[in-house]
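Written out below as structure tokens is the structure these notes cover.
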Amino acid sequence: MKSSGNPIRLDSTRTRTITTTGSGSGSGSGLDSGSRSHELTNGFNLTTEELTDLHDPKSILKLKEIGGIERIKHEFNTDFENGLDKDLPDKVVRQKIYGENRLPSRPPKSFFKLAWEALQDKVLIMLSIAAIVSLALGLYETFGQPVEYDDEGNPQPKVEWVEGVAIIVAILIVVVVGAVNDYQKEKQFTKLNSKKDDRDIIVYRSGVKEVISIYDLVVGDILGLETGDIVPADCILVSGSCECDESALTGETNTIKKLSADLALRLYEENFSNDEDIGFKNVPDPMLISGSKLLSGVGKAVVTAIGPNSIHGRTLISLKVEPEETPLQARLTALADGIAKFGLLAAALLFIVLFIRFLCLLPKGHSYYDLAPTEKGTKFLNIVITAITIVVVAVPEGLPLAVTLALAFATTRMMKDGNLVRVLRSCETMGGATAVCSDKTGTLTLNRMRVVKGLFGNLEFDDTVNSKLESSIDIIDDHQLGGNLKKLIVENISLNSSAFPNKQLEEVDIEADDILNPPVRAHWYSLKKTKKQVSPQLSEPFVGSKTETALLIMLQDSFQTFESQSLDDLRDGYKSKIVQLIPFESSRKWGGIVLKVENGYRFYVKGASEIVFSRCDSRMSDDGSQVLKLNQSSQTFVNSKIEEFAKDALRTILMAHKDFIGLKSWPPQELIDDNPEEADPDKLFGQPIEIDNHLKINDGSSDSALKIEGSSAGLVMDSLVGIQDPLRPGVPGAVEQCQRAGVVVRMVTGDNITTAKAISFACNILQEEDLDNPKACMEGPVFRKLSQTERDNIVPQLKVLARSSPEDKRILVKTLRDMGEVVAVTGDGTNDAPALKLADVGFSMGISGTEVAREASDIILMTDDFKSIVDAIKWGRTVAASIKKFIQFQLTVNVTAVVLTFVSAVASSSGSSVLTAVQLLWVNLIMDTLAALALATDKPDDSMLNRTPAGRSQPLISVAMWKMIMGQSMVQLVITFVLHFAGAQIFFGTKDINDHQSTQLSAMTFNAFVWLQFFALFVSRKLDEGDGLETVKQRLNRDNLDFSQHVFRNWYFVGIAAIIGGFQILIMFVGGAAFSIARQTGAMWGTAIICGLVSFPAGWIIRIIPDKWVVRVFPTRLYRILVYLGTFRFLRNQRRPKNPYPEDDLELSPLYEAIPPFRKAKEEIIQLKSENSPTHNPIKMYHDWRVSRSNSNYSSNASTLTNNDGQQSTLSAISALAMVPTAVGGAVAGWHRPSKELGGANNSDEV
């Protein structure tokens, strides 16, 4: 017995089994949850394993063995036409048996686990061990040794244990604060990932197309699939046909043709019934794999496996790994490692010096000889702790943390701004973008399209305000349009379309300005006026392609087509007549449908006007009774209208048809290619037609009409329409912002060149002088045929690429990248995926984009708005700036703290540093975690767009940053050295001071050091704004010197600054023995604060100094020697790997580029290496001499060489080697290489 076609319902008196058919009715409220679960479970007799085996591997034999597609239908209680019941009464049971469409997410790490991971740092472990030993020794000294008395007989407090406890507490604080930061970061990224994975899909429920979240999909749902979709679950095609790309899942590089299950089973039984598996033969395939991409076609599919039970789900679970480092994180980690090696070197050197002195003080007659063993152990342990603490301070573990925090903060805020970041690296890459290739529709325009002008046959209409022509409504109301032509237009628009009614239309409030922007006379009332304010896209009466919805709105508003019947009812009436559907594809720019009509078949087509019109050889008369041949005059008339509409920035769409009269079956043999069931789209569409010059289209005389019998050679034009898509508010300003930021905006569109010029001019992409420049505006087919050389010459000037295909966009992106540009690209179609993948940053459309495009992109524009791209540029630059601020601050603290600790410890008779271990840990907390929070959370502002883009290889540490780091470090070292070494004379008038006074001075030095960092934090939060300013006078401006600018825009910074200042005051008042603090006098407090404030004038003076002055005096070679020693390269035997950033070794700016002598030396050496004449090239001489030595016939250490003129010269190898420093030194000094041969007899008389 056949199913009735309606979803099977369950009630209290009937239990469904596999053999049950038909439908029941009732409320279903008579069963309790337990009995209902048991009875429903008996209905779903197919196990998850059986369903999984259908797809892994794909096997049509397995489908046949379980009872075919009808078994699937009955087991899932579904209907292939109408889908499941929209109320889903058995949703809970379906999910219990077959699971939910969610992958098990990685459980977020608990706070305690993050704290434990933070404690795994090797340096912290070493310091913890030392602290525990120190605590043990301190406890022994406190409780195991007799009490000591001072000169007055008072017992001295025993607090030796305090330092060990203080170090442990400080370590715990560092770990806890780091764990809190990591916990916040985890929460941010978890929220981002949940949003990133969610997307909308189309299903049929109770016979209605519904848009639901992918998470709401259940087994048994009927999916509506279209070109560009990514299959959300394993499923079986039940109607339609399509081609899929399964390469990412199966490795199969060819596209896979999919047929409906009924057809596939029939073909299988007829041709392949003895084969066991679908994967080894060219067997018809109805199996759709989750994660595969629909490259073409449409259809319905029944869902069989979801979530972790699907192939894609299992693959993702098996591949779940920790996210990779972004390029910036990798560079910062490398920089941190390099700096840590310097710190390790300093710590090792300090330990060696202090340990040698410790050993020297142990023998008899020296100060340590009479100490108790525990005291000697404490002295040694203090040396170890001091050395380890230097490593703790020197290792900038905050660098990777800073970029992670900056990215987490930026991506969260970008999501609020309409940018959903899918790939973290794209956030930082956008900061260096130099070119943006943008689509037009939806990105630069509102994507709220309406038909405003056009031709019905030969009747012209204009729906814009104040038009003198009749509106479309007037033409229809006056019955000027013939019934037959009206039918052709209605059938083409309503049937040849994948758009569908918006059943979930929310009631929204829409202002009149929104409705009439731009003002349209006829169609404003198609936007529902209601209560809630939501996105304008939700107010559209149809869901789908905006071009198709605009045409359907015209039918609704002007033709009143859907007053008597709905679009779904109209389509249902034609369902049995549809024999072939050809979805629109951007590569061919048209879509079509074939219907069975009374005397044959009819092919409807609509698409880009000039492409469709080039295939037309006829047009319909106004009353629809005749087909009129086109001639040159009529062709000129239509082309002039296309041009006129395009100049008004309208998208032009042409509708046409072709009748196949007398044809008994479809398709005709001459149109068949590889699929016998369908006509080949390209053959069906035909080739461009040359029009003979005869009958005029617009003379209106009856004798000019030619009635065509049978099939016409080409298409018959029915209608031409112009669709208006108004510019998004703010786009022209956003484009100007990009241009000011040094980012070139190019528009890549499928519209014709006239429309493209009009839109781009309105957007400020084109200037007036560019309109007639053939290099500024070009069509895709022309661009595609250019040679690489021609393309390289044109692309820098190219701003508009019209009538472009996705391949044209890909070629443009590749060319720009080959020229060194950092390219951002927008795309919405399936075929845009290669360009999106190729671009440095790919933006897909969140509203109009296909799933394939979204999957290929790095960032999703949730609102399809170009202004979001500008926001992404600002955020990218802000992230880069935040990291640079943090690097500048941290390296300043690193240099000062390490040098101060090293020098004071070596200079001290006791080997102790002026900064204790606990104090250094507080400093480490300031410069790592707290500074990262303060500096990495800045919000972007428009001033970010006033800078030139960074490009691909800008170093992390610029000359201006080095200038500030070294300048502030020297100022801080001078102040702290003066306070430490001369403080006794300044405050007490003598160098002979007691222990309390010494502790006071050390505490004051520590206090001044922290306040120096406190105010340096304000200096660092604003990078040098004087880039490119070469004189002191030019650099004296407020933007460059105002450190307080926008400080209250970042409350994180204000809060962190308050915490640092508050805790420092607290430490100085109550720190006591734990922090080795003695109470400060008013003069000491004033001195510390004033010394800290010196950071401001020092910062101003450093900012005023032009960068080029620093470049000229910077000891470049000394720096490279230090890098060589500090990173232990001299210990490496293997060849150094190639630096991925050749222009900046260890992130240093290429300073040699600014030093002419060294640049000249580099050029000279390169020229020497390539010199052919051995006598001009001492390097080559030495090489030839070594070769000659390996020859058994050589007799001396002199070689006979031949120059370019064929003359011989004898040259000593030692002479050749002696010329190398001469050549290099001469190049540095500005001398020229010798113009004559060296060492030869012919040169004996040369000076």
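Even glycines carry a Cβ here, placed using N, Cα and C.
Record features (TrEMBL):
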- 68-139: domain 'Cation-transporting P-type ATPase N-terminal' (DOMAIN)
- 1-39: region 'Disordered' (REGION)
- 123-141: transmembrane segment (TRANSMEM)
- 161-181: transmembrane segment (TRANSMEM)
- 339-360: transmembrane segment (TRANSMEM)
- 380-410: transmembrane segment (TRANSMEM)
- 886-907: transmembrane segment (TRANSMEM)
- 919-937: transmembrane segment (TRANSMEM)
- 970-988: transmembrane segment (TRANSMEM)
- 1000-1019: transmembrane segment (TRANSMEM)
- 1051-1077: transmembrane segment (TRANSMEM)
- 1083-1102: transmembrane segment (TRANSMEM)
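Taking H, G and I as helix, E and B as strand and the rest as coil, DSSP gives the domain 'Cation-transporting P-type ATPase N-terminal' (68-139) the counts 42 helix, 1 strand, 29 coil. When Cβ-Cβ distances below 8 Å are used as the criterion, the transmembrane segment (886-907) is approached by residues 332, 335, 339, 342-343, 346, 349-350, 353-354, 386, 389-390, 393-394, 396, 398-399, 402, 913-915, 920, 923, 926-928, 931-932, 935-936, 956-957, 961, 964-966, 968-969, 972-973, 976-977, 980-981, 1009, 1012-1013, 1016-1017, 1020, 1023 of the same chain, each at least six residues removed from its ends. The listed stretches are 380-410, 970-988, 1000-1019, 1051-1077, 1083-1102; of these, 1051-1077 has the most Cβ pairs under 8 Å to the transmembrane segment (161-181). When each of the listed stretches 339-360, 380-410, 1000-1019, 1083-1102 is scored by C-beta pairs under 8 angstroms to the transmembrane segment (919-937), 380-410 comes out highest.
Counted as Cβ pairs under 8 Å, contacts with the transmembrane segment (1000-1019) are highest for 1083-1102 among 339-360, 380-410, 970-988, 1051-1077, 1083-1102. Counting same-chain residues at least six beyond the ends of the transmembrane segment (339-360), those with a Cβ under 8 angstroms from any Cβ of the stretch are 366, 368, 379-380, 383-384, 386-388, 390-391, 393-396, 891, 894, 898, 901-902, 905-906, 911, 1122, 1125-1128. Beyond the transmembrane segment (1051-1077), the same-chain residues lying 6 or more positions past its ends with a Cβ under 8 Å from any Cβ of the stretch are 157, 159, 162-163, 165-166, 169, 916, 918-919, 922, 926, 930-931, 933-935, 937-938, 999, 1002-1003, 1006-1007, 1010-1011, 1014, 1017-1018, 1021, 1085. A mean pLDDT of 81 is what the model gives for the domain 'Cation-transporting P-type ATPase N-terminal' (68-139).
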